Structures are given as structure tokens and as C-alpha cells.
Amino acid sequence: MVLCQGGEGAAAPAASGQEPEVPPGREDGPGAVQPCLCPAPGVEAAGAEERRACGCCSGMSWPFCCEAPGTKEKAACPGLGLFYTILSAFLFSVASLFLKKIEDVHSVEVSAFRCVFQMAFVLPGLIYYKTGFLGPKGKRIFLFFRGFLGSTAMVLLYYAYQVMPLADATVITFTSPVFTSLLAWIFLKEKYSLWDLLFTLFAVTGVILIARPPFLFGSRVTGIEGSYSDHLKGTVAAIASTLSAASTIVILRKVGKSVHYFLSIWYYAVIGLIGCVIALFVLNEWRLPHCGRDRVFLILIGLLGLGGQIFLTKALQIEKAGPVSIMKTMDVVFAFILQVLFLNHLPTWWTVGGALCVVASSSGTAIRKWRHSVKKAKQREI
């Protein structure tokens, strides 16, 4: 009996070019087994009477075993990655809505709870993959700044959600791809074209339409939550959060694939938790929610944020980054819908115009990067 060795390249095709016959009643159904197209080297598949065992399927006799290593993998469900992206956007938006509903809990404390959930999720993965808790010596400084900037972006974004309309804060965060291109040009010497400059100007225009500074729009600013000073503070916090998130992406590009994804999240959660606890004691803002509903919201924010991150990661694993970035603009759509339905806050035309500018800017940046990567892939094939 000849064993089919897996992982040593594609198996030779059958000499006759025909597929082996499958007995009637075995070719269909969920439990049906597929013919193995991996005849052993040196043995002709055509007319061979000997039944061979395949090492890729626990010794089940050929040809009724699983598909062998080296053959083409079954194509993933079309659009599954984009569905994961939409689901991720929905979960993030609902988490933001719950954040708006929480009363008397500081954004730093919410961020601390989020970090605890992150750590609880990542710790088993670190143990399973044996990555360690510190990472490679030459990468630790990058991981530290990744954790510091990432957690800072989270705290600032949560603050922006609390003091300004949900849709406004969400739209501003979508300027991240534009700022990422700018920072990558400065620090990583990546190409920055006139198109990138145009998209940057579009993004800045969108932010101005949302912030509506008095020196441009006058002293009477309508369609905001609370005072204009809080709205302005939220805008500054959202922009700073976006810049921190863009810096995090640049750092991750610098690190590359030399550091496991779980280790990157671990630094993000640990440094974020330490920073949040210190900030809470300095601000004297540490308090448990008085209402049981708020406690439930805190737990749901952690779970939904974690779920959104998982589905976004899965989407990027099975789909190109360009389509995922474009589909992620559904965050804005969900934010507008949830704001109208549950917060009874109608967006102004200024906000809608700003949203269109920012979405056009981020989508244009994503499409350009996507086309550039596809072009480079084709050149490599040639």
C-alpha cells in the first residue's frame, strides 16, 4: 500500500485525464466524500486496481478521501468578506450607540472596560501560539508605541462620541486612510501623488463642514448637541483620535508580519488599561455605574467592540483591503440611521455634505491603493 505524502507539491494528474468513477449514491449529499486526486508518485492512476490510502485524511482509502494537499482549495463564498465587513460596521455602530446611552461614566473608564475584554480574549491566543508576552527585542519599542497610540485613539474617540453627534464623530474618523497616506509618505517614504493631495483636501473640507468654526460660519451654529464648545472639543478629540489611529497603522506597516497579530492587540490592551487606570485616578473619575442598565451597556460595548474587530480581521483575511475599506463606509450609514432612530437627532445638511466629502475621500484613497496593489501583483506574475 502506498501513502500519499501531503505538502510536497501538487500531485501528478491521472494519465488518462479522466476522473475516477464514484459509485452511485455516493457523489452527493452533505456527508459525501470526494475523490482524492493525489495518486502516489510512480504509480499510474489510469486502470490502477490497487486502493491506496491517503495521508491527508487519516488513512481513508483512495479515491473516496478528502481533497489532497497541493490541489486547488475550494473557493470561499463570494462576498463573504464584504458581509463580514458590514457586520463589523454594524457591531461597532451599535457599540457607539450604547456609549451615547451611558450616563455619568467617563470615556476613559469605558475604554478601561474595553481593554479588559481585549485582554481576556487575547491571553488564550498568546498561550496557544506561544508568542510570549513581550515580543522580539527589536520590535518592542514599536509595539509599545502601537499600544500607546492605539489606546489613545480609543479614549479620544469615546470622548468624541459622548460630547458630539454620533454621525459627526463617525464621519471624522473616516479621514484615517487619508492621514495614513500622508504619514506613510513622511515616515515610510511611500509614494504621495497629486490624487492623494486632492483626497486630503476633500477630507479636510468634510471636517470643516462638520465642525463649522464660527470664523467661517458665524456665531450661530445649529444642529449640534449641547454647547458649541463641547462640539468643538469633540471635533478636536475625533481628529486627534484619527491621527493616532493613522500613526498606529504606519507603525504596523513598519513592523510587518514579524509580530503576531495577537501580540499587537495584547500591547494595545495592556498599555491602554494601565494608561486608563492612571488617568482615572488623576482625574478622580473612577466610579461604578449607578444604574444596572449602564453596567449592561458597558459589558455590551466590550463584547460588540471585540466582535467587530474579529469580523473585520476575518474580512481582511479573505478579501482584498480595497473592497473592505470601501464597504467599511457603511459605518457612516449605520451611524446616521441609529442617530435618527434612537437618539432623535436629525443630521444637518452641513453634516451630510461633510460626510459625502469624507466618504468620497476615503473611498478614493482605498480604490487607488487597491488598483496599485493589483497592478503590482500582475507585474509580478509577468
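Cβ coordinates are placed from backbone N, Cα and C, and glycine is handled just like the others.
Remember, it's a predicted structure, so these values are computed and weren't measured experimentally.
Now, the feature entries from TrEMBL:
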- 1-27: region 'Disordered' (REGION)
- 10-20: compositional bias 'Low complexity' (COMPBIAS)
- 80-211: domain 'EamA' (DOMAIN)
- 81-99: transmembrane segment (TRANSMEM)
- 111-129: transmembrane segment (TRANSMEM)
- 141-161: transmembrane segment (TRANSMEM)
- 167-188: transmembrane segment (TRANSMEM)
- 195-215: transmembrane segment (TRANSMEM)
- 233-362: domain 'EamA' (DOMAIN)
- 235-253: transmembrane segment (TRANSMEM)
- 265-283: transmembrane segment (TRANSMEM)
- 295-312: transmembrane segment (TRANSMEM)
- 324-343: transmembrane segment (TRANSMEM)
- 349-367: transmembrane segment (TRANSMEM)
Could you give the number of helix, strand and coil residues in the domain 'EamA' (233-362) as assigned by DSSP?
111 helix, 0 strand, 19 coil
Per the 3+ Cβ pairs under 8 Å rule, pairs at least 6 apart in sequence, do the transmembrane segment (167-188) and the transmembrane segment (324-343) touch?
yes
Recorded stretch, among 111-129, 235-253, 324-343, 349-367, maximising Cβ pairs under 8 Å relative to the transmembrane segment (81-99)
324-343
Between 141-161, 324-343, 349-367, who has the most Cβ pairs under 8 Å to the transmembrane segment (235-253)?
141-161
Count up the helix, strand and coil residues in the domain 'EamA' (80-211) according to DSSP, in that order.
110 helix, 0 strand, 22 coil
Using a Cβ cut-off under 8 Å, which residues of the same chain at least 6 positions beyond either end of the transmembrane segment (349-367) come close to it?
165, 167-168, 171-172, 174-178, 181, 195-196, 198-200, 202-203, 205-210, 212, 217, 223, 321-322, 325-326, 329, 332, 336
With a Cβ cut-off under 8 Å, give me the same-chain residues at least six positions beyond the ends of the transmembrane segment (324-343) that come close to it.
81-82, 85-86, 88-90, 92-94, 96-97, 100-101, 165-167, 170-171, 173-174, 177, 312, 315-316, 355, 358-359, 362-363, 365-367, 369-370
For the domain 'EamA' (233-362), the averaged pLDDT of the predicted model is 84
